[in-house]
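Working notes, beginning with the structure itself.
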Amino acid sequence: MPNLYTDLEIPQLKISVRQPLGLFINNEFCPSSDGKTIETVNPSTGEVITSFQAASEKDVDKAVKAARDAFENVWSKTSAEQRGIYLSNLLKLIEEEQETLAALETLDAGKPFHSNAMGDLAQIMQLTRYFAGSADKYNKGDTIPLSSEKFAYTLKVPFGVVAQIIPWNYPLAMACWKLQGALAAGNTLVIKPAENTSLSLLYFATLIKKAGFPAGVVNILPGYGMLVGKSLASHMDVDKISFTGSTKVGGFVLEASGQSNLKDVTLECGGKSPALVFEDADLDKAVDWIAAGIFYNSGQNCTANSRVYVQSSIYDKFVEKFKEIAKKDWDVSGNFDPFDEKCLVGPVISSTQYDRIKEFIELGKKEEKLSMFQTSEFPVEQAKGYFIPPTIFTDVPQSSRLLQEEIFGPVVVVSKFENYDDAMKLANDTCYGLASAIFTGDVKKAHMFARDIKAGTVWVNSSNDEDVTVPFGGFKMSGIGRELGQSGVDTYLQTKAVHVNLK
Ligand SMILES: NC(=O)C1=CN([C@@H]2O[C@H](COP(=O)(O)OP(=O)(O)OC[C@H]3O[C@@H](n4cnc5c(N)ncnc54)[C@H](O)[C@@H]3O)[C@@H](O)[C@H]2O)C=CC1
Ligand code: BAL
């Protein structure tokens, strides 16, 4: 029998974590059926932390069956109020264990503990509170009068077994964006964390069990995307799938649904979100928001404002201030321990992502010969892990690959525009439509922008300050469907129409 737990020491916080390493099926940790494991690496040091069990197709069948049995026999008979009570129990446990959960995010995903990791936990607690309260509120249908002898009503019913595929940039937060709403709506779940960030969700499984959720309601299957993710997407007994990750894999998930049982699909995919700065904006505030909107989480945000367009009259001033703030507030140099309070920009997630981002930087510098500023020397000689200094490319043409493709790192492109029409044309010229931001003192221009931009989220005089009560999702190739807010429950419910004949 393989070891299904290990003790992880985190000396910076003086804590030791009893870390589960198995698949979580029917409220028990178990080994994978074929004995395969995956090593997970600390991105701030490049060192292996531990290895965990990697699910096989057989394990996928086992987890889906557990979820199906739990749905048919227990969860579909559990009242909405009781579902809310389980979620409230979970909230209490998350509150008690927030430091441990955040520490695992720092260890496994490299997130600066005090800012990013604890920030993720704050959001997770808020959304768990929100969805606990929503379990008995958003599952109501309508009555539709038809004639004196006929009426119809609608029932909002859960799909049944829902699969969820999670990315590595917000391992626990993205899982919770999906998990809590789906449970509030009355579904049972099989969740696959990303292969490089599975530890926090496996630890979270222990809280699911302690909170009292019946066996089989939540099943967690660490493993490879090409195997576990693919098998869930094409599984004949999964009723709905929700995915967050690259647009390319989102397409595969949609295709797998079409080739199997037409399961309902929600996709949260990539982005190349624009931020527009007009000459009537408060420039200092715009610079602060835009720097945070690209450099927070080392730029690994689907909504990162990775394209910045600035009105030509203030362009030079903006660029000067932007470089200053990047250097002052977001530099990587000097602190490579994400548990240290002074570390604000952590490493990127993996050597693969590091190499990918480095290639983009080389492309901009050498092939496209763009003007580039970095807050410190790159490669960062003193760092063992995957640290990339904030990088700003200026005067970038619209055709540049750096401006069109999602880089998913602390790399931003800045360009000029002359007037509103010019700016809108540039801002909408992309296959993505996830988020957008405008900085202006003119309220009319702000509302025109909200009308004209093709994006699922619009920020007026701010950026990347999402709230769990507000729906989130993309236009165009950024996704299908919405999460968070009431949509976070609605997306896990389907409508049944009942026609009643009184004659
Ligand atoms: N929108 C977002 O939040 C995210 C966007 N990305 C984008 O994707 C790029 C590449 O990162 P990757 O790790 O390769 O992203 P990815 O899209 O491959 O990974 C996301 C999740 O999908 C799973 N997956 C992979 N192949 C699958 C398949 N065939 N069927 C079902 N599930 C599958 C992975 O195991 C992981 O859990 C990033 O540079 C970034 O541009 C990555 C992560 C999150
Ligand atoms: N900001 C949370 C969504 C994402 O970046 O993946």
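Note: Cβ is positioned from N, Cα and C throughout, glycine not excepted.
Across all of the domain 'Aldehyde dehydrogenase' (32-498), the predicted model scores a mean pLDDT of 98. Feature annotation from TrEMBL assigns domain 'Aldehyde dehydrogenase' to 32-498.
Close to GLU268 (active site) in the fold, though at least 6 residues off in sequence, lie SER242, PHE243, THR244, GLY245, GLY250, CYS302, PHE472, GLY473, GLY474, SER478, GLY479, GLU483, each with a CB less than 8 Å from its CB. Under the DSSP three-state reduction, GLU268 (active site) is assigned to strand. According to TrEMBL, the feature active site maps to GLU268.
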